[in-house]
Amino acid sequence: MLRANGRGLRELRPVTIERHYLKYAEGSALITVGDTRVICSATVEEKVPPFLKNTGKGWITAEYSLLPRSTKERTIREVTRGRLTGRTQEIQRLIGRSLRSVVDMSLLGERTIWLDCDVLQADGGTRTAAITGSFVALAEALAGLVAAGGVPAMPLKDFLAAVSVGLVDDELILDLDFQEDSHAGVDMNVVMTGSGQLVEVQGTAEGRPFTREQLTAMLDLAGEGIESLIAIQKQVLGDIASRVGTGNDK
């Protein structure tokens, strides 16, 4: 099959991550994946939800939203609707629990870090881009806390990124854009750590089931894509990258 811009079946779209994108946030990044663009910002609050009070542990949570014209047809703001859609709630929870999986909450202390993910333009893979970009914003915020003496050591235990894989016309492909996603027989989102551990796998067949062998092949391809995404994260984070997984502030 032919893909947009002539990319290969096992090839990511062009990916860039720009740090310090917002002036006031403790951490921020603009991630661009092909024509998908998401601003991810990290905000540190010196408090935790009630269920974590007096535990000495922190919390990571997320919000996600689409700008009205991030999509081909105008998307009504959810504040106007007066409620979050099920899709938005699902994505917010996915981002939050994915990031929590690589943070030592006892090192974070009793504080909350909010990750706000605002989609400027949606062309497939917004949730996976939000996770990949949010990791960079979170790392930036945590490095600032360590530098200020707010936390004793770097709480990040590992890198984290996410990507989509799928079957389109019986071809296994990496990083689906909107058009490919719309025609996919199988669409799967995979979240994985730098050490290759799985955090989340969301896979759905459309029309007919897929085999265990195809599942394994999709996970292997996702692993290749995530390895490339983490290499970009490391390059963008510079010195901060060397402190991820060390549990110290050296």
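The backbone N, Cα and C atoms fix where each Cβ goes, and this holds for glycine too.
Same-site candidate for phosphate binding, as annotated by Swiss-Prot with Gly125, Thr126, Arg127, chosen from Arg81, Arg83, Arg87, Arg97: Arg87. Here the binding-site residues are Arg87, Arg127; the one with the fewest Cβ atoms within 10 Å of its Cβ is Arg87. Remark: Gly125 (phosphate binding site) has Val33, Gly34, Thr36, Val163, Ser164, Asp175, Leu176, Asp177, Asp181 as non-local neighbours, by Cβ distance under 8 Å and separation of at least 6 in sequence.
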